[in-house]
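*Asks:* This is the structure I want to talk about, given as structure tokens.
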């Protein structure tokens, strides 16, 4: 009998209950008992939803108060000194949130948050563990064991989920001194042994150990460590399933297949070609879990196609076949049943986490009971849906396809080199040394959100809505003028999300009402869905930016989202390549850039926050991606005069290893996230002479803590050691949408003061 199981479920809730509870707790409006009650309710609801869908073995340990990697850090006692209790007490929820969000100066002298970065190539973020050379590990957090008891008390068959020891170490960074993280392995392994043995005592039969780094290019010493680690852990008296995802095992396939564990999960959505080899190499005693339902997208599974593989696998494996999503459903919205505004045709093409669990269960049942009436019915429905989607005229637009086919190499090149452009731009803009600016968005107040919501619901006329947004723009411009910022932004009050705002105005996108996924902590995003060929029917931002520019003599930046970020932060099509979708988006944005320039806007920022996120996990696949991603950016930015300055912004982008490709984008100014990593990103400039201007972020906007002027001066001086002062800009790490006005103004006052101090001492 094939078994249906799941690797993980979204934790935020159908209506983002976790987000609302977290934020109420942080504001002091909900106590810890209330927060914990919300968590218990969500876990119970999610386990029941999976069970009702037909999942036989439920994941436990996939719930996290902020991030699953942070949960593991607390579990192992990997708590930086600045967050440790002075009396040596065990960590609390307050400790967890302090590590994630930082502590303000008014509390215990202040402590900056841990670094946050992308979870592999997804739009989820994790808190990077900080390891010291003398790192000690101790079991310090009981959450996993408590949740196992919760689930068992509710009558569920459970499969606890833990991040494997090698993946956990790989994800962390060394602090204080440079050393080999593998040196910590012998200190860490006893904790895994303790955890596994405690789970066995709790009656757990199977544990899922996530080792996604097996889909990466691993150094030989890390490969060598695998067999030793799992030889040690095999002593624990419970069965172990190693879960790999986000890519193929490739050169790690033999290693993974032969680890001394009881089962292996592989991702057949991202890497279907690995199936025949793994089937041949898998020892005869092992379970093979096949991830055939896409855990990272919203499209309904082609059940017949998946069944072809599963039927073949079942002939070989029999009861050793498990059926699963490709990865945790953390990256999928919760429940399509909540969507009551989508048209029936589009809705029939989609599946969210609950529906994906149903698909997994149906596939397992189709193997076990192929003649069952519900199996026959659902498979017939699936065939009909796949046919309609493949032939729908809503998807294919000949005019868009013809324009993409007509793209020439010259279309993605500026007319002159940077040296010639920057001379004209400096003359026209007349900015001081160390020019100050922000990344784009300002705080989204409840009044702003209410105005947008009322307009969408028809409760506010268009004229009243425009005046409400104009009022917010006037407020943002006035504050920036008073602060003394040099290049201004309009604040983006009219934008709900940097992708959704544009996607709403492009043909080829569709929107959900409840398609939320977690980005980090309480931050949820609702990715737009690309379902067809993409084009821009009319200008999207010009009137707002023109209005803002009319309020000031200073330069006002036009603010756009770049093609790669639009693609990476949307749920993309599966029927055409990402490259084709990026080119369609680039042409639409190119038209907007030209319109902004024609309206008198001298600076246009095209954000590519997700540029590095698109990199394939395997380095051998990087060149092709970097070629089309940089070409897409240049395509949307190149049809302007020399005098028009093109900016781009990248956040959470560790791009030391792709700095040449960043330079190939040929943006006149790039702003990047650097403060959390203490300007570590700038190490790239020691070996590569980046030719254009750069604004390394001088403070972390993800924390409510207000940085001091002295901290920012120190970071800028550090940056000036690697980048000529005449090419340095001064800016925050990212947009200020999620912050409140008081902390925003206080931080920007200090930032402007830091820039002025550098000008005075330059």
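Any Cβ shown, glycine's included, is placed from N, Cα and C.
Quick paste of what Swiss-Prot says about this protein:
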ACT_SITE  702  active site, proton donor
BINDING   16, 17, 18, 19, 118, 523, 524, 569, 613  5-methyltetrahydropteroyltri-L-glutamate binding site
BINDING   439, 440, 441, 492, 607  L-methionine binding site
BINDING   439, 440, 441, 492, 607  L-homocysteine binding site
BINDING   649, 651, 673, 734  Zn(2+) binding site
*Asks:* Which secondary structure state does DSSP assign to residue 16 (5-methyltetrahydropteroyltri-L-glutamate binding site), in the simple three-class scheme?
*Replies:* coil
*Asks:* Can you see whether DSSP assigns residue 613 (5-methyltetrahydropteroyltri-L-glutamate binding site) to helix, strand or coil?
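*Replies:* SS state of residue 613 (5-methyltetrahydropteroyltri-L-glutamate binding site) = helix.
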*Asks:* Can you tell me which recorded positions out of 439, 440, 441, 524, 613, 702 are within 10 A of residue 734 (Zn(2+) binding site) by Cα, answering none if there aren't any?
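*Replies:* 439, 440, 441, 702, listed in sequence order.
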*Asks:* Let me spell it out: for each of the recorded positions (16, 118, 649, 702), count the other Cβ atoms within 10 Å of that residue's Cβ, using every protein chain shown. Which one has the most?
*Replies:* 649
*Asks:* Where the distance is taken from Cα to Cα, which of the recorded positions 492, 524, 607, 613, 702 turns out closest to residue 649 (Zn(2+) binding site)?
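*Replies:* Closest by Cα distance to residue 649 (Zn(2+) binding site) among the recorded positions 492, 524, 607, 613, 702: 607.
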*Asks:* Check the Cα-Cα distances from residue 118 (5-methyltetrahydropteroyltri-L-glutamate binding site) to the binding-site residues 441, 607, 673 and tell me which is shortest.
*Replies:* 673
*Asks:* For L-methionine, what surrounds 439, 440, 441, 492, 607 with a Cβ no more than 8 Å from their Cβ centroid?
*Replies:* 438, 489, 498, 559, 605, 649, 734, 735, 737
*Asks:* Mind telling me which of the binding-site residues 492, 613 has the densest Cβ neighbourhood, counting other Cβ atoms within 10 Å?
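*Replies:* When each Cβ's neighbours within 10 Å are tallied, 492 leads.
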*Asks:* I'm trying to understand the geometry here, so how far is the Cα atom of residue 440 (L-methionine binding site) from the Cα atom of residue 16 (5-methyltetrahydropteroyltri-L-glutamate binding site), in Å to the nearest whole number?
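*Replies:* On Cα coordinates alone, these residues lie 26 Å apart.
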*Asks:* Could you measure between residue 651 (Zn(2+) binding site) and residue 441 (L-methionine binding site) for me? Cα positions, answer in whole angstrom.
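*Replies:* With distance taken Cα to Cα, residue 441 (L-methionine binding site) is 14 Å from residue 651 (Zn(2+) binding site).
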